[in-house]
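Structure first, then comments.
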Amino acid sequence: MKTLTVHTPSHSYPIFIGNGLLPQAGSLLKPHLGKRAAIITNETVAPLYLGTLQTALDAAGVSHFSIILPDGEAHKNWQTLNLIFDGLMQNRAERKTTLIALGGGVIGDMVGFAAATYQRGAPFIQIPTTLLSQVDSSVGGKTAINHPLGKNMIGAFYQPQAVLADLDTLHTLPARELSAGMAEVIKYGALGDIGFFEWLEQHMPELMTLERAPLTQAVYRCCQMKADIVAQDETEQGIRAWLNLGHTFGHAVEAEMGYGVWLHGEAVAAGCVLAARLSEQLGKTSAADTARLAALLEAAGLPSAPPVFAFEKWLAHMSHDKKVSGGIMRFIGLNRLGEAVITEITDTDILRRTLQPYL
């Protein structure tokens, strides 16, 4: 097992990474749990892992109840959030009841937002079961639900008490979900660590077959990079925005196609290539870097191009992006592979040229 600590102005918390951790969850998480916990999961994850977690909590002497939600990005909304609140209140959850998010990014984001707002703040713990959530969304305290006009538009910064990433849960992940998670892994190398990017180019076949040593190293490195960035910029006033590489274009794809049609990681993959193309238009990164990024994404079974839709629709979706400031769109681009940069765009003709092959 590998561990690291996330340090933020609000508080510090551990991340546990390894195999076979879920049966040990009671003992590992006991210092971060109250006397009672609410396990919140979905219909897909519950049959696989809920029983193991319940047994682990029983062994640690932690009482618990469970709330099982519908699965999928399409359910990341007010209606499902209210199902969480219904379950908490029906079970008389108190402010000190620990909410445990058992699932992927959708569960983690919603449970975190529920924790941030239930009785003005309850503790919560992340137990991510997908690659995407283990390397990205479970760490750093971003919580949210979607709105029909934009992804993750309603939420809060609210840090967990701990994160437990059991890599064994990835063995039940569909191949498409594994690829989607790998988009976020590749993103880290592209935005801030060329050495890691080159390592991914060498080890992608082993990663896609979930070989234990390289997988542990990849998840650890991603969490380490995110922890370092979050420690410097908890509420995304500066460099934390780098973590949104590919997300402005990607969120537009998700919103246009309908949440869940393209998986988040698939949209981010195409978005990363578009961000590199935009950087080319601005005279920053090279066409060779863009091609190299696209090739690595394709090696992970990911799309390197977005679906085709009208430029006006792209603009409409991107105008709702959370990075828009003073009406000016802000994109995360690349100076070169391994070096992200925040770019303000006032000339939409540059965006049109970037997107022209997909209009």
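Note: Cβ is positioned from N, Cα and C throughout, glycine not excepted.
Here Swiss-Prot flags 71-76, 105-109, 129-130, Lys142, Lys151, 169-172 as NAD(+) binding site. The Zn(2+) binding site annotation in Swiss-Prot covers Glu184, His247, His264 and is backed by sequence analysis.
Looking only at the binding-site residues Asp71, His264, the densest Cβ neighbourhood within 10 Å occurs at His264. Thr172 (NAD(+) binding site) sits 26 Å from His247 (Zn(2+) binding site), taking the CA atoms of both as reference points. Among the binding-site residues Asp71, Ala74, Gly108, Thr169, the residue whose Cα lies closest in space to that of His264 (Zn(2+) binding site) is Ala74. For Gly105 (NAD(+) binding site), the same-chain residues lying six or more positions away in sequence with a CB closer than 8 A to its CB are Pro128, Thr130, Leu132, Ser133, Asp136, Ser137, Ser138, His264.
Compute the center of the Cβ atoms of Glu184, His247, His264, which mark the site for Zn(2+); besides them, the chain residues with Cβ within 8 Å of that center are Leu132, Asp136, Ala183, Lys187, Gly246, Gly250, Gly265, Ala267, Val268, Gly271.
Summary: among the binding-site residues (Thr130, Thr169, Thr172), the fewest other C-beta atoms within 10 A of the C-beta are counted at Thr172. When the alpha carbons of Thr169 (NAD(+) binding site) and His247 (Zn(2+) binding site) are compared, the span between them is 26 angstrom. For His247 (Zn(2+) binding site), the same-chain residues 6+ apart in sequence whose C-beta sits under 8 angstroms from its C-beta are Val268, Gly271, Ile332. DSSP gives Asp71 (NAD(+) binding site) a coil state; it is part of no helix or strand.
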